[in-house]
Amino acid sequence: MRSTLKFAVPLAVAALALGACGTTGGTSNTPAASGGAAACGDYKIGMFGALTGPNANLGIYIQNGVNLALDDYNKKHPDCKVTLENYDSQGDPTQAPALAKKAIDDKKVVGIVGPAFSGESKAANPAFAEAGLVHITPSATNPALAENGWKTFFRVLGNDATQGPAAAKYIKDTVKATKVFVIDDASEYGKGLADIVRQDLGSTVVGNDTIQQKQTDFGASVTKVTASGADALFFGGYSPEAAPLIKQLRDAGWKGTFVVADGVKDQSFIDNAQAAAEGTVITCPCVPADVAPDFQAAYKAKFNEDPNTYSGEGYDSATILLDGIAAGKDRATMVDFVKAYDKPGVTKQLKFDAKGEVTDVKVFAYKVEGGKIVSVGEIK
Amino acid sequence: MTTTTNVTQKKKDRPNLNERIADLPLPIKVVLWILFALFLFALPLLNIPFITTPDSDFGGVLFTVSTYVLVALGLNIVVGYAGLLDLGYVGFYAVGAYTVGVLSSQHGSLPWLWCVPVAIAVAMVSGILLGAPTLRVRGDYLAIVTLGFGEIVRLTLVNSQWLGGAQGISNIPRPPGIELFEVPSIDWSTGVPVVDLGTTTTFLKFGISDFIPYYWLALVVIALVLVFDILVKNSRVGRAWEATREDEDAAELMGVPTFRFKLLAFALGAAIGGLSGALFAGKSGFINPQSFELLLSILFLAAVVVGGQGNRWGVILGAIVVSYFPERFREFADFRVLVFGLALMLLAIFRPQGLLPPRRTLRAKRADARQHVLEEGEAGA
Amino acid sequence: MQFLIDNFWALTITGLTLGAVYALVALGYTLVYGVLRLINFAHSEVFMYGTFAALWVVMFLGGKAGGGTGQVIFWIAMMFVAAMTMSGLIAVLLERFAYRPLRKRNAPPLIALISAIGASFVLAEIMGLREKIVAWVGLEDNLRAYVRNSRNAVGLPDIVAKEPVFTIGGYAVTNVDIFVIVGAITIMVILDQFVKRSRLGRGIRAVAQDPEAAALMGVNRDRVIQVTFLVGGVMAGAAAVFYLLRIGITRYDAGFLLGVKAFTAAVLGGIGNLRGALLGGFVLGLAENYGSAIVGTEWKDVVAFVLLIVILLFRPTGLLGESLGKARA
């Protein structure tokens with residue numbers, strides 16, 4: 001306690017000295033110095049997620065979607081442009097809180113797209129909730145995130161608790177598998193999803209295994225799957241592990257159906273697994289691209305590739321915030337705006353329930369055919 | 001060989017900064033110390049241009065830097081004083097953080113402050129449990145054994161549901177605080193420093209998004225650890241470590257129970273690692289295995305070696321280099337790690353003894369130089 | 001346990017193919033440790049560059065599924081040439097820029113570890129950023145296929161069709177399994193004979209045994225060290241090809257974990273001992289597979305490290321002891 005008194009003194013001295021420079025303290029914190037057009041708040045929206053480092057793919061797919069939404073908005077409002085502020089967490093929960101604070105301190109930031117992963121969400125969201133800064137995640141699917149009472153939390157896609165049962169249903173009803181092997185990657189996402197599938201499938205599960213992220217050799221797991229005589233394998237995890245896993249399984253002569261979830265819905269899975277990827281079933285709470293052809297065309301024109309995982313969700317999240325800005329909302333009023341939002345987006349009808357979950361959740365099944373991910377319809 | 005000694009000889013006549021400070025009279029030294037401490041406490045509020053991180057919250061970055069400093073001080077006991085190469089130090093950091101997490105949130109509801117001594121004790125015990133069988137292994141073998149330990153800890157965290165698995169542990173309570181008064185910060189956005197009464201920090205409120213109080217807490221802890229470090233280093237224990245490090249067989253022959261002292265170094269180092277883990281858990285409120293990757297062990301070791309193993313001020317500087325620069329230079333974006341790697345290489349090549357080599361090295365160099373003069377006669381002078 | 005017994009051969013064969021890769025990479029650690037007494041932390045990146053060289057050469061030659069036997073042999077031969085050249089080159093550059101300057105300054109051994117860590121970051125990041133670097137140089141149109149999505153994993157075209165050759169204990173051993181195990185052992189035997197019989201090999205052993213005496217006897221230490229790095233790099237290049245044939249994908253950070261494992265294998269066998277690296281690699285590969293079968297795949301790495309700790313407790317210098325210098329090759 002003594003030390004605080006000590007350092008309060010020089011600060012007071014500094015204050016006096018600086019006062020002599022002719023600027024008055026106290027008022028300098030209002031940022032609206034450039035306020036020419038009253039309606040134009042010179043606002044920014046934030047993009048919070050991994051933009052560099054090993055997990056950057058997903059973040060960049062989202063960022064592309066956000067940028068597309070910004071382009072649309074700025075074209076319509078050329079005299080009052082909104083800019084994007086990037087908060088590159090590298091997907092690391094250790095870096096997330098300081099970045100969240102940075103976003104909160106920047107009073108021009110009226111809303112955040114992200115955080116992209118569940119881990120960093122848990123680290124950053126309490127601070128956003130305290131500051132009343134809206135954050136709409138386009139990709140963090142952990143169900144527990146919505147249970148924390150964060151009033152600022154919104155999610156534009158179905159969580160694992162909706163996707164898991166759909167995947168189980170598809171395996172049971174459409175694949176008609178009688179012996180299912182379930183593998184997860186011990187990640188929050190993969191294990192959460194696989195556990196739901198295990199529970200729903202009950203006695204048809206003939207074996208379980210857990211691999212680790214970044215693992216590339218699956219010799220033991222392959223032996224377990226082939227020895228179990230399973231005719232379907234559900235893998236909860238991401239594409240870097242899914243590709244070598246299915247490749248090694250096919251090399252070992254396993255013929256069953258490979259079922260994965262949205263973490264694998266990624267062109268790199270097919271590029272890397274090649275022939276082995278054929279016939280893979282992918283479930284995803286994301287709408288097929290042919291549902292929103294305009295978005296797909298615009299995306300392709302700008303980035304020279306098809307929209308990838310969560311690009312559409314990124315676009316939708318940003319659009320909600322930009323609509324809020326167009327309606328004259330600022331940080332404080334944005335929460336209620338988003339809460340009351342009800343408009344069609346490129347991925348689904350965007351409307352949230354009391355917990356911030358999107359109400360209209362559809363899970364679709366996709367299949368890898370001829371080196372492409374094609375939609376095979378909604379799982380009902 | 002001859003070239004290096006010649007260079008040191010030329011430099012010998014000019015006293016360096018360290019020596020000049022050491023020669024100042026005591027009262028002036030005390031005043032300097034107090035001013036320096038005040039500066040450190042005020043640092044996150046001063047927002048000094050260029051030093052303040054532009055792309056991340058400076059208070060949060062300073063807290064991260066101070067955990068690295070703490071960890072580096074602990075690892076310095078193991079690597080610098082006792083000469084044991086430890087590549088799995090993150091294991092103890094994780095043990096400390098998870099002890100707090102388990103006791104305060106996952107399987108109990110103890111307040112943070114109570115958990116801290118337990119965390120230190122558990123980390124210490126894990127250090128002894130790891131050290132007792134493995135410290136008989138020498139040199140580089142120890143490196144891989146400790147590296148294995150770090151990985152075992154991380155994988156256990158990922159795969160054990162009792163410890164929260166990959167989801168980690170949420171809702172860890174914050175340190176207790178009392179809200180006394182607001183401290184304003186300085187705003188430089190106009191080019192001149194202005195006291196900004198709008199952005200304040202509440203003195204001693206350990207909140208969710210203001211990290212400055214946590215940084216202050218960490219500074220106090222660092223000061224305590226430093227005092228402890230100085231006392232231990234200058235005691236019989238410190239001398240025993242030095243003897244063990246320089247020549248284990250000779251030390252053993254002279255009656256130093258080297259194994260016991262190595263184990264002590266391991267346990268103390270682990271305890272400090274556990275303490276910084278506990279601080280980290282209390283600040284972030286949420287921990288998961290992602291924060292305890294193997295890479296962190298390597299960064300910790302880099303902090304110690306880059307700074308100058310064996311010199312406590314050196315390793316502090318090293319920790320600052322390793323943790324602050326990647327945050328400060330976020331504008332390099334994707335090239336950050338590349339630049340950091342290059343910096344490590346350049347530092348290794350141009351400062352092979354570390355940024356601040358330990359005094360022993362200076363002393364050894366002077367002794368070498370003297371010997372050189374004796375051997376070569378006047379020619380060397 | 002029952003599972004292990006039922007699938008013993010499947011687990012053994014896959015374990016051995018994994019172990020073969022570990023062993024070849026472990027050689028690089030062991031050789032460098034033998035002559036310099038330092039952990040070449042960046043050796044994992046040497047291996048990683050080999051995987052990319054092998055991959056690129058196949059892409060360049062238009063390798064794809066369904067090639068004739070002659071074509072496949074040609075592709076694989078070119079993979080070896082490319083990977084060994086690339087890895088050897090990287091290893092030599094590494095020695096030149098990360099280690100030699102330190103040796104000249106008589107730096108303490110630990111600082112070499114830092115330099116190696118720095119070099120490892122630099123090498124891995126260059127590979128991870130190759131898309132941006134190539135765009136800087138202005139070659140992105142020519143090289144797009146090789147650098148696209150440089151943070152993602154890249155897959156090797158299915159140039160070899162894996163076909164069962166014979167069945168043992170219910171497990172169909174494939175052509176690739178045989179090729180990897182036999183190929184790795186052959187390469188090891190060649191290296192063993194090289195170190196034992198050739199002039200350069202004698203130099204390596206001499207420096208390992210007593211650097212100063214070797215210098216007095218006219219051995220050029222710098223040259224021997226360079227050759228040691230080259231040989232270690234070439235071995236890592238061979239390992240890279242086997243790895244690619246077996247796993248099929250690589251990534252800019254694929255080296256790190258494998259490097260840790262290979263280093264573990266080297267220590268397990270007795271660091272500095274070539275035959276120890278071979279033994280350590282195979283033991284580790286088998287232990288991981290058996291361990292995964294008994295306690296679950298998630299504990300695979302834990303099994304590997306616990307095994308290491310236990311073995312070091314009973315044999316503090318590894319299974320075969322350190323002895324690169326002691327003429328044991």
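Every residue number used here counts from 1 along the chain in the order it is shown.
Glycine residues also receive a Cβ, built from the backbone N, Cα and C atoms like all the rest.
The transmembrane segment annotation in TrEMBL covers C:20-39 (among others).
Through the fold, the transmembrane segment (C:46-66) approaches residues 25, 28, 74-75, 78-87, 90-91, 94, 123-124, 127, 145-146, 154, 156-159, 161, 232-233, 236-241, 243-244, 250, 252-255, 258-259, 262 of its own chain, all at least 6 residues removed from its boundaries and within a Cβ separation under 8 Å. What TrEMBL lists as transmembrane segment is C:46-66 (among others).
Sequence-distant contacts of the transmembrane segment (C:72-94) (same chain, at least 6 residues past either end, Cβ-Cβ under 8 Å): 28, 40, 42-43, 45-47, 49-54, 56-58, 61, 63, 116, 119, 123, 159-160, 226, 229-230, 232-234, 236-238, 240-241, 244-245. Taken from TrEMBL, the feature transmembrane segment covers C:72-94 (among others).
Remote same-chain partners of the transmembrane segment (C:106-129), defined as residues 6 or more beyond its termini with a Cβ less than 8 Å from a stretch Cβ, comprise 36-42, 44-46, 48-49, 52, 90, 94, 97-99, 150-151, 252-253, 255-256. Residues annotated as transmembrane segment in TrEMBL: C:106-129 (among others).
Sequence annotations record features per position, and here TrEMBL assigns transmembrane segment to C:178-195 (among others). The list of residues near the transmembrane segment (C:178-195) in space but at least 6 beyond its ends in sequence, with Cβ under 8 angstroms from a Cβ of it, reads 13, 16-17, 20-21, 23-24, 27, 165, 201, 204-205, 231, 235, 238-239, 242, 245-246, 274-275, 278, 329.
Here TrEMBL flags C:224-245 (among others) as transmembrane segment.
Here the transmembrane segment (C:265-287) has long-range neighbours at 11-12, 15-27, 29-31, 33-34, 185, 188, 191-192, 195, 208, 303-304, 307-308, 311-312, 317-325, 328-329, meaning same-chain residues at least 6 beyond its ends whose C-beta is under 8 angstroms from one of its own. Feature annotation from TrEMBL assigns transmembrane segment to C:265-287 (among others).
Taken from TrEMBL, the feature transmembrane segment covers C:299-316 (among others).
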